[in-house]
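> Before I ask anything, here is the structure I am working with.
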Amino acid sequence: MKLIVKVFPEITIKSRPVRKQFIRQLGKNIRAVLRDLDPELRVTGVWDNLEVETDLDDPKLLAEMTERLRNTPGIGLFLEVNEYPLGDLDAITEHCKRHYADQLPGKIFAVRCKRGGKHPFSSIDVERHVGSRLRQECNAAGIDLKKPEVEVRMEIRDQRLFVVHNRHEGLGGYPLGSLEQTLVLMSGGFDSTVAAYQMMRRGLVSHFCFFNLGGRAHELGVMEVAHYIWQKFGRSQRVLFISVPFEEVVGEILGKVDNSQMGVILKRMMLRAATRVAERLEIEALVTGEAISQVSSQTLTNLAVIDSATDMLVMRPLIASHKQDIIDTATQIGTAEFAKNMPEYCGVISVNPTTKARGYRIEREEAQFDMAILERALERATQLPIDRVIDELGKDVQVEEVREALAGQIVIDIRHPDAAEDEPLDVPGVEVQTLPFYALNNKFKELDENRQYLLYCDKGVMSRLHAHHLLSEGHANVRVYRPA
């Protein structure tokens, strides 16, 4: 398979050195994203377009390559092509006919040609000649340049002809690694996951910072969704997941801060801690998922007071977004189901939260707060590469594993729905249910407690983690299914 990758249009208007730098970075990212599928992958070109070639012919692997490229920042679109020596107009027609003859009978079509280089014909000459012959020789219904049912596409570069047989839209944005880095404050809900996606889509490498308010299940859920976002949109770069234990901070706020000021002060403590983390990692900006007036702490007045806790730039990509638009984006990128099933821990709930915080009042309340507690939280923070976070979590978890499922037991396939659909799990003589890992904790209590359940995933890590959590919650009827 050969692909022609067209870069994000904004890259093409950069100065020559910057343009070359961005396109070179995109080439590196494409190699990194596809290397595990094809170590022999070839990526060439440094100016207008990149050419990607693979000798693989497995349809599943090729489909996975296509999906990964669609989600790689920096790509405007890419084309699946077949390359031929140019030849004359009749030769061009024959190559197009080979690929499009089966699609044209009874159809209205148009021919589109893009051309670069010196030739004895123009792009319009090619379109007219090829269109006329295909209409006559392929039993097409006619030609319509405005609303064709089929488009015959080709590109000509010097003495090379590329017949296009598939076109895929890319993510746009700049290549990850070509711009600065950010630290995203992650709660795992709709807003923070979409905010992270927006920054990555634009081309900013985004690390993840989670403030654990006291729920182990919540921490696990946020790790899972952060790993998902990175794997789908940012896998070309190494990023970190930082978890800061904030239970003591919450306790101090509950014990010493006026109820109406709790939410604003908690956000200020998070910004202080995130700033320290970012400075240590030499990251230049923080990112949150806040939108104007979505909740009481997000009025303009409150946001200004919250931001005064740090000198670092705080970016809010969703600031003017409607909630439904955010949910729609989360659905599109695959994080909505994570958010819907995310365990929550609300330790700071104001009965009458202020919508107009005043700086002097906040300073007075914070004077009661023991800042040594915030320092302890930062000292106890954990930091892991995002690609190892799930493995590290499961490393010391001990759960009974079984190699064989028996009649009467139920195997629960907890893989992501895409993986379960691509390769359905079949265990002869045993019932198999599909329940994605992100919904497992909420849905498990609805299952028959008199049955025994075996959790299954590809590597056994996610199933061990969730089995361990369910056992700690008092569900004794859980094991891990690891077929030989």
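The backbone N, Cα and C atoms fix where each Cβ goes, glycine too.
Note that the structure is a prediction, hence the values are computed from the model and not measured.
Feature list, courtesy of Swiss-Prot:
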DOMAIN    63-167  domain 'THUMP'
BINDING   LEU185, MET186, LYS267, GLY289, GLN298  ATP binding site
DOMAIN    405-483  domain 'Rhodanese'
ACT_SITE  CYS457  active site, cysteine persulfide intermediate
> Which whole number is the mean pLDDT over the domain 'THUMP' (63-167)?
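Mean pLDDT across the domain 'THUMP' (63-167) comes out at 95.
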> Sorted by position, what residues of the same chain at least six away from MET186 (ATP binding site) have a C-beta under 8 A from it?
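The list for MET186 (ATP binding site) reads SER192, THR193, ALA196, PHE208, CYS209, PHE210, VAL222, VAL225, ALA226, given in order along the sequence.
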> Within the domain 'Rhodanese' (405-483), count helix residues (DSSP H, G, I), strand residues (E, B) and coil residues, in that order.
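Output for the domain 'Rhodanese' (405-483) reads 28 helix, 16 strand, 35 coil.
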> To the nearest whole angstrom, what is the C-alpha distance linking LEU185 (ATP binding site) and CYS457 (active site, cysteine persulfide intermediate)?
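So the Cα of CYS457 (active site, cysteine persulfide intermediate) lies 29 Å away from that of LEU185 (ATP binding site).
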> Give the number of CB atoms, excluding that of LEU185 (ATP binding site) itself, located within 10 Å of its CB.
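I get 24 for this one.
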> Have a look around the residue listed as 'active site, cysteine persulfide intermediate' and count the other CB atoms within 10 A of its CB, chains all included.
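The residue listed as 'active site, cysteine persulfide intermediate': 24 neighbouring Cβ atoms within 10 Å.
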> Measuring Cα to Cα, how far is GLN298 (ATP binding site) from CYS457 (active site, cysteine persulfide intermediate) in Å?
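So the alpha carbons of GLN298 (ATP binding site) and CYS457 (active site, cysteine persulfide intermediate) sit roughly 40 Å from each other.
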> Taking the Cβ of LYS267 (ATP binding site) as the centre, how many other Cβ atoms fall within a 10 Å radius?
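Its Cβ has 23 other Cβ atoms within 10 Å.
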